[in-house]
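Here TrEMBL flags 628-638 as compositional bias 'Polar residues'. Annotation comment: TrEMBL describes 628-647 as region 'Disordered'. Among the features that TrEMBL reports, repeat 'ANK' is placed at 45-77, 187-219, 261-293, 331-363, 401-429.
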Amino acid sequence: MANKKGSILLHFICSKKRDDGLAGIFFKLNDKNNQQVEVNARDESGRTPLHLALQYANKKLVKLLLRRSADTTLVNAKGDTPLDMICKGHRDDADLAKMLFEIGDEKHQPVKVDELLQSTVANVVVNLTKLLLRRGANPNTYNKERCSTLSQIFEKFHDDDLRKIISEMIDEQHRVMPIDTRETWGNHDTLLHLALRNDKRKTAELLLRRGADSSLANAKGETPLHIICQRDYDAVDLARLFFDIVEDIRQIVPLDARNSLGNTPLHMALRYGRKKMIKLLLERGADPNLANKKGSTLIHIVCDKDYKIEFAQMLLSQKHQRVLVDVLDNDGNTPLTLSLEIGRRDVAELLLKYGANLNFANNDGETLLHIFCRKINLLRILFELCDEQQLQVQVDAVDKFGRTPLQLAVANLNLDAFDLLLDRGADVSRFAFPTESYYGAGFDSKLNYSFDVKLKMASGALAILDSLEKRGYELDGSDALTIMKFFAKHGLFETSPDLQQRWYDEKEFASKAKKKIMKPGLSLYGLIQLRPDEAAKELTYRYYHELACAKNYPYFFSNGYQKIDCSLHLCEKLSRGFFRGWAMESFMKLIHYRLPLECCDMIVDHLKNEDLCNICLAAADETVRGDGNSNRPVNISDSDTDSDGHF
């Protein structure tokens, strides 16, 4: 007789943790009275007495119910059969599960053992897991969370237990899977990969001694040795054990195997900072000069990252195989280049000690001087190292395009690098001015440079030109046009009405500008008010360049428009002599020399630099193609001349 919840007396008897023999008495009394007990009665939650006995871990009662023909296939409200409940529990009741399997076998009832295996692995129950494997469960499956059952087996179980489980899997009698089986998803690791990845040493030894292939790679190209080298600690003991076992079973470990990125085990050991592992691999004959797909050898990586100096010392000083220091990666960098670029002077000194060549050229013929001609700090360090170690550097070396470091310094408008190269003996007598194809190529016309940078461009270009001319270099017309086109391309011309707006009289700016001393007796405020010819007598181009490079230059201005006006005004002023000097002859050429020099002087004096630039370009049969910053050609209309063609 059931109550309102569908429970019969047997449900209550089975809802106890202890077996007090009440169920046995209950069955005997009913048998004596020839009364049938509904052993498969279900309460409102779908639970049978067998479900309850399993829930309360009453093994004797479970066995009694099974002998009384309890149905092992009925499910509760959660959809769990009695076997599901056993496998989802934490008690590792392999004996009970075995009984249920045997009953199911007698009745030819199929069981989804793969799903049961996922449950036992999740709960880390050893004996049930072994039983399910013997019953044919496939560990190479994924659960609802897309987790690999196989990888979870290796992650969750203790090494001693795992060893027993793996024995079941690879045992010839049960043969759940071949010993070199791979995961069907993810990295496609072999069993040996998984054992080593999870630091299960005893299991790894078992697999190796049972015939696992120590050279097989996973989907990433990683061999077991790659896995050992990327452990989260210096697993040198594991590596030694691995080598010993492999030698014992007469296999050969591929020391220099590359993964899908071209990295060898040595690369991986270095990446993870495993110093002892690196030493061990080198002792066993690993090649330190192999490059990965980026072209990086071990010494490239040490020089390009923030590794301790000890790593470079270890690689360079080891006696097993000489490390090549003058090798190029895919970007054309040598280890010496990389070490200097990240400021590792200590590593650079060590490389030079071990024979790195300062004059070594990359595939484009570029030496360190070519590369660093835009990086004055690195150029200074390079020359300091030369002095300290008494090394000679070829200051006039040419790349495959025939360009010297001095030409590149000029092309990049790097005044400091230009001066330093001259101080170091760069030859001006054979200097050829950079062509339009690479003059200013380091500056992108599509970028909106700040106006202090534009002032630095203009002053740097003309300061370099001034220094060249003082050393005897004669600029020709085509070189001058190259400079002019650079000014036009980057908008280095003044376009505002200038003095009519009197932006420089704004109170805050005027106060700051009067305090900024350009030279004794001349402030920035005073400079702004001078005519270009007067300013040229007072200041060289280098004064303007120093102003543009000053850290406090942007702070003179109370707004962005003021900074624009001032910077372009100074660009206009400092370059006036250059443009006027070249424009006079061009202007006279355009008007076919129909005016006297005095008249031409008067006309040119009233034109802005942008107009003078366009006159020069027009005279050379060229059209300005600037960046759209109102580059307008000079328009000499008929109304400006009389009937005889005179102005």
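A Cβ is built for glycine as well, from the same backbone N, Cα and C atoms used for every other residue.
Model, not experiment: these values are computed from the prediction.
Same-chain neighbours of the repeat 'ANK' (261-293): 221, 223, 225-226, 228-232, 234-236, 239-240, 243, 255, 299-302, 307, 310-311, 314-315, 318, 320-321, 323-324, 327, 329-330, counting only residues six or more beyond its ends whose CB sits under 8 Å from a CB of the stretch. Residues 364-365, 367, 369-370, 372-376, 379-380, 383, 393, 395, 438-443, 456-457, 460-461, 463-464, 467-468, 471-473, 542, 545 of the same chain lie 6+ residues outside the repeat 'ANK' (401-429) yet bring a C-beta within less than 8 angstroms of a C-beta in it. DSSP labels the residues of the repeat 'ANK' (261-293) in these numbers: 16 helix, 0 strand, 17 coil.
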